[in-house]
Amino acid sequence: MKTSLAAIGSYTPEKILTNADFEKMVDTSDEWIRTRSGIRERHIAADDQATSDLSVIASKRALEAAHLSPKHVQAIIVATATPDMLFPSTACLVQTRIGAPHVISFDISAGCTGFLYGLAIAESLVKSGYDNILVIGADTLSKITDYTDRTTCVLFGDGAGAALIKRTELEDCILSSYFAADGSSWQLLQQPGGGSRIPASHDSVDKRLHYIKMQGNEVFKLAVRAMSEAALKTLKKASISTSQIDLLIPHQANIRIIEASAKRLHIPAEKVLVNLDRYGNTSAASIPIALDQAIREGRAKKGDLILMIAFGAGFTWGGVLLRY
Ligand code: UT7
């Protein structure tokens, strides 16, 4: 059985925080944020919007684009680091709200690489007989962002993207993929409080342990290396060279990470999709949002070779080569 990308949909919340807004909140400047990260603005979920709310809208858009009733969905995978709650899974909340039948539904935790991990799992499900699988990358990092910490708060935005993966007799859309993880440096990017190691308590909240903690410059170095490795290993598996790629969609964390990775790979800037200036780092949502944009704007055309690469908390990293 082969895998096809039938449709994609995405959603970002209406509220926007600009760099000028952050100048009023912390000791920062538009100039610092733009030059160090490439970000100008980001979409932020409303107080009453959680990750499943964003996921439901993105999923409905994908189903509409595919002209498919939710009744035909056979699996739902949500990649997220910010589930509505620790349990039940966000995927179960999406299942009931979109009106899908009682199908297999679960979350995966692979940080910003989660959507790509989800695609690989969907591919395996297709091979074992499933059809019409929703792979959702969704995060509301604003809910766990410390808006008094200038080193992290300017970076993150909220959003969701959903891909509908179908079974096909025709060509496989996933030509190759590569995935890796290394937990030895997990401390560099984490949300320490609220889990079973440091359960939520007055003390954990007073110590602000329920917020994202990141040693940005250390993460930066690992990210460039890992994203380049993911690209080369993914391409090698399909015997495709970097010059054959029509579009590179990297995880949108930092313009300097993207440029350094593209330079290492000798992929020219015009073949690299960058939208983090408008969305910031939306974690697991960044690649599906960018893929949706590429398709809607005609930057991804039928038959194009699209390489998607990501790096995120864990650390996890990986790549998926798509024939659109
Ligand atoms: O999603 C996957 C994982 N995440 C990432 O891939 C993010 C990776 N890291 C990064 O994107 C970058 O490391 C950052 C954008 C977070 C930071 O850029 P940097 O060039 O690595 O800066 P830095 O952390 O080395 O800090 C340089 C200086 C520091 O001041 P001192 O110690 O040199 O005086 C920081 O305190 O910049 C200061 N700084 C700021 N200044 C103004 C840090 N944040 C800010 C800020 N505004 N918002």
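Using the three backbone atoms N, Cα and C, a Cβ is placed for every residue, glycine included.
Those TrEMBL annotations? Automatic predictions, nothing curated.
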Region 'ACP-binding' per TrEMBL - which of 2-6, 87-91, 217-221, 252-256: 252-256
Integer average pLDDT (0 to 100) for the region 'ACP-binding' (252-256): 98
Surrounding CB atoms that lie within 10 Å of the CB of H251 (active site), all protein chains: 32
Counts by DSSP class (helix H/G/I, strand E/B, coil) across the region 'ACP-binding' (252-256): 2 helix, 0 strand, 3 coil
Distant-in-sequence Cβ neighbours of N281 (active site), under 8 Å, six or more positions away: I39, C112, L141, L155, F156, G157, H251, Q252, A253, N254
Three-state secondary structure, which DSSP defines for C112 (active site): helix
